[in-house]
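**Q** This is the structure I want to talk about, given as structure tokens.
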Amino acid sequence: MTYYNLHTHDLSLSTDRKLSICNLPYKNSFTSPDAYPGVYFSAGIHPWHIASTDPMSLTSQLSRIAESPQLLAIGECGLDKLTDTPIDIQITIFKQQIEIAENSKKPMIIHCVKAFNELIKLRKETAARQEWIIHGFRGKPQLATELIQHGFRISIGHKFNPETARIIPLHRLFLETDDSNIDIETVYRQIAEIRQIPENELIISIGTNFSELFDLSR
Ligand SMILES: [Zn+2]
């Protein structure tokens, strides 16, 4: 049985019993996935980092890295109204990343804070066809339901709204550890408990979701 972790910043996490998508580190440039054989990554420009980096240069690097078989998804990227960068600039950078995801046919791992209306609008406006997964979701059940109706998938970490964790359909759900020290087994245990289902059922469902969205053959 494999524990699948949709999103972590801990590069040491890929072992036999766990399969993790690690967020590829960057500052002025992205670290090369080649430096970490056998590790799966996602790469993207986080809205928090737009002001302190050169997003133009990073997006052009990103379109090259996107072709790597080790790169399973574009992100985390997205929109955050609690950060200083104006939302229209965030949208511009996010749209460039949507285009990269569409061209490379890879799903997106999305960070979204207080900008869900804008996000839903962008999904429609860009007619994006790749899957979009909201990571670290802590919102209320009503918002989760609305997002699911618009075709989004949702990933939950160790901090979540219990009612939301109960109602997300299993085939739309992912689990993650993000930047916490909690291990992924604990997150699985918490969610299985709250949904009152055997942990094995959760492991199998999330595994199926993973193989549906990501090419893990290489
Ligand atoms: Zn993260």
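Glycine is no exception: its Cβ is also placed from the backbone N, Cα and C atoms.
Curation plays no part in TrEMBL annotations; they are all automatic predictions.
The divalent metal cation 1 binding site feature in TrEMBL is assigned to GLU76, ASP178. Residues or ranges marked as divalent metal cation 2 binding site in TrEMBL: HIS111, HIS135.
A description of the local structural setting of each listed feature is requested, covering burial, neighbours and distances.
**A** Classification of ASP178 (divalent metal cation 1 binding site) by DSSP places it within a strand. Applying an 8 A CB threshold to same-chain residues 6+ apart, the list for ASP178 (divalent metal cation 1 binding site) reads HIS7, THR8, HIS9, HIS135, GLY136, GLY157.
Annotation note: HIS135 (divalent metal cation 2 binding site) sits in a coil segment as assigned by DSSP.
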**Q** Give me the count of other Cβ atoms within 10 A of the Cβ belonging to GLU76 (divalent metal cation 1 binding site).
**A** 26
**Q** Sort out for me which one of HIS111, HIS135 has the most neighbouring CB atoms within 10 A, since those are the binding-site residues we care about.
**A** HIS135
